[in-house]
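Mind having a look at this structure? Questions to follow.
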Amino acid sequence: MLILAIETSADETAAAVTSERKVLSNIIYSQILLHKKWGGIFPSLAKRAHEERIDWVVEKAIANFAKVEPIHPEGAQARNMQKIDYLAVTQGPGLAVALEVGIKKSVELARRYDKKLIAVNHLEGHIYSPFVQNSQGNPRREFKFPYLALVISGGHTEIVLWKGHLRYQILGETRDDAAGEALDKAAKMLGLGYPGGPIIERLASEVNNKDFFHFPRPMIKTKSLEFSFSGLKTSFYYYLCNMKTSPVKKIRELSSSFQEAVFETLLLKTELAIKKTGINRLVVGGGVIANFYLRKLFRDLVRKNDGEVLFPPYKYLTGDNAAMIGVAAFYKKEKGNFVKDLNFDRVPRLRLS
Ligand code: KG4
Ligand code: ZN
């Protein structure tokens, strides 16, 4: 049972061939270099780059899996597509003009090769990412529902009660900036480049006093599981403006203290969610969980609470990719959850339900 999955919700053009939880082929074309100078995703550039790359990425994903070189692209594609059972695509949330490119391609293939199509919520993909396996079926993690599922990325910060396959309840999310977005914006203010998360991680690892400046931890006094990172960003900005010496002299301490404020907020809210629900098993997905220090903080937290935590087993599964979309799609297929009308639309603010 093979699924060809396509993901274009933000700045990665991605396609993968998956079989249940196994990834047989995975192609990601990142647009990071394109967006670097803007310090964030520039929509019209993203759309054009997706359009330019989507055919190549899909071709490559199916050719890689089938080990057939696309010498005569049309003929090879038709032969390879015969082996594919279903198509899957990210419907949202994400950038409208970017989502449209992936949907258009998947609909075109569904029509041409008469395949059923599965629409996947991008967040669902991140939630399933710790369970994605390599082509050999590793790691062999079992599902032990219920989980607290966290998605921590450039676009999202969500705590979700994951009750069972495809059964979610959002417990808390950000009211404004996402955690990764906050890191990216702080890095930009420090002149560090994009994406900021990995640069901040490196600088923070070089300092002893990790919380030198102790910036505010937003919304930790409330008992709600909501996040808000835009106030933290503003106070960081004013702090930089009012510094008597050049921020460059304290670049490591500033990076680390900002990271501490974001991460401690994430950890405090997660602990609150554990207390509220009594669930001490966590799964964490999204670009920010590439951060080793944040992984350690989560490990410490679950140890304290006699729980466990699962992260994406391979780095490429932290950021956006189509493999996690294909794996989530498998569980939707099991429930007969297919797109009924191929004229369906992207949903930029699609919510988990
Ligand atoms: O999941 P992702 O690739 O895209 C979205 O769906 O948003 O996440 C990208 C985010 C960016 O904000 C980036 O700075 C952050 O993940 N990120 C990191 C690290 N690697 C990527 N943040 C902290 N530490 C890292 N090592
Ligand atoms: Zn994402």
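Glycine is no exception: its Cβ is also placed from the backbone N, Cα and C atoms.
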Suppose a student reads TrEMBL and sees Val151, Ile152, Ser153, Gly154, Gly155, Asp184, Gly197, Glu201 listed for substrate. Which of Asn64, Asn291, Asn305, Asn321 should they find annotated at that same site?
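For the substrate site that includes Val151, Ile152, Ser153, Gly154, Gly155, Asp184, Gly197, Glu201, TrEMBL also lists Asn291.
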Check TrEMBL for me: it has His122, His126 binding Fe cation, so pick out which one of Asp300, Asp306, Asp320 it puts in that same site.
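That Fe cation site, as TrEMBL gives it, pairs His122, His126 with Asp320.
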How does the model score the domain 'Gcp-like' (22-326) in terms of mean pLDDT?
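Mean per-residue confidence for the domain 'Gcp-like' (22-326): 94 out of 100.
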Which site among His122, His126, Ser153, Gly155, Asn291 has the most other CB atoms no more than 10 Å from its CB, taking these as binding-site residues?
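For the binding-site residues His122, His126, Ser153, Gly155, Asn291, the Cβ with the most other Cβ atoms within 10 Å is His126.
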What are the non-local neighbours of Asp320 (Fe cation binding site), defined as same-chain residues 6+ apart in sequence with CB under 8 A from its CB?
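Non-local contacts for Asp320 (Fe cation binding site): Glu7, Ser9, Ala10, Asp11, Glu12, Ala14, Ile28, His122, Gly287.
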Go through the binding-site residues Val151, Gly197, Asn291 and pull out the ones with a Cβ less than 6 angstroms from some atom of ligand 2.
none
